[in-house]
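Colleague: There's a structure below that I have some questions on.
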């Protein structure tokens, strides 16, 4: 049975941040990244409701306000480049202003979660039958299995990987076949990088790579080097981890906080079928039709 909202005693913001740091230290994040506690309300209050989202968009902020969340954990940092002003003229400034005005704290883990053993890249890797797995770039001084990207040994037909990946992310995927590959090609090595992985995966010797997005010319470079490319759309390669992390965080906080995943957060790109249902109020990904 679900607990009533008023039975959650909550925890101090500092205590919640400590548990987030215990899960994946922000020191693991890439040097260019902007992670950790990004907004700290000037009035301290108990954190009773925590909303998880991949991207902090205006619809997600509205949802946080409606559900009275005191803390938003946004995988992608909405504050990345320095803000020179906070006005109502730009959506990112409006997001920050709304958090400040309503005393909502904001935390972003981004690449720290990518590197974490049991984090985002390991979640995405479960689309493949794993015979062995290791980071593409291990994190020095961190526990084994920590690092950027993943390299997997497997034995699956390409068509099986495609089907499994679509089930994993619950969305359609884009495929660029390597020259000479077919749906029946046996895949024995896979490089994985959630999000935008072209630079990390560049030059990898693998039958297949899985990532969120890359440019047209990057795709051609891989396919002409005998590597098939599977693209999920950027945030679809990451978002599903939130559902895996939700109970982990709740347990680490002794079930004293209500932790929930955004219902409105979604990738801005949708692959639609040719026979669009005109009665739908929104486009639905072809995989879900």
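Cβ atoms are placed via backbone N, Cα and C, with glycine included.
Note that the coordinates shown come from a computational prediction; the quantities given were computed from them, not determined experimentally.
Got these off TrEMBL a minute ago, pasting:
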{"type": "BINDING", "residues": "76, 114, 234, 238", "note": "divalent metal cation binding site"}
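Context for these features, please: burial, neighbours, distances.
Modeller: Residue 114 (divalent metal cation binding site): 30 other CB atoms within 10 A of its CB, across all protein chains.
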Colleague: Neighbour count first, Cβ atoms within 10 Å, every protein chain included; then name which of 76, 234 tops the list of binding-site residues.
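Modeller: Top count of Cβ atoms within 10 Å goes to 234.
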Colleague: Taking the centroid of the Cβ atoms of 76, 114, 234, 238 (divalent metal cation site), which other same-chain residues have Cβ within 8 Å of it?
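Modeller: Sorted by sequence, the hits are 54, 75, 110, 120, 194, 195, 196, 212, 235, 237.
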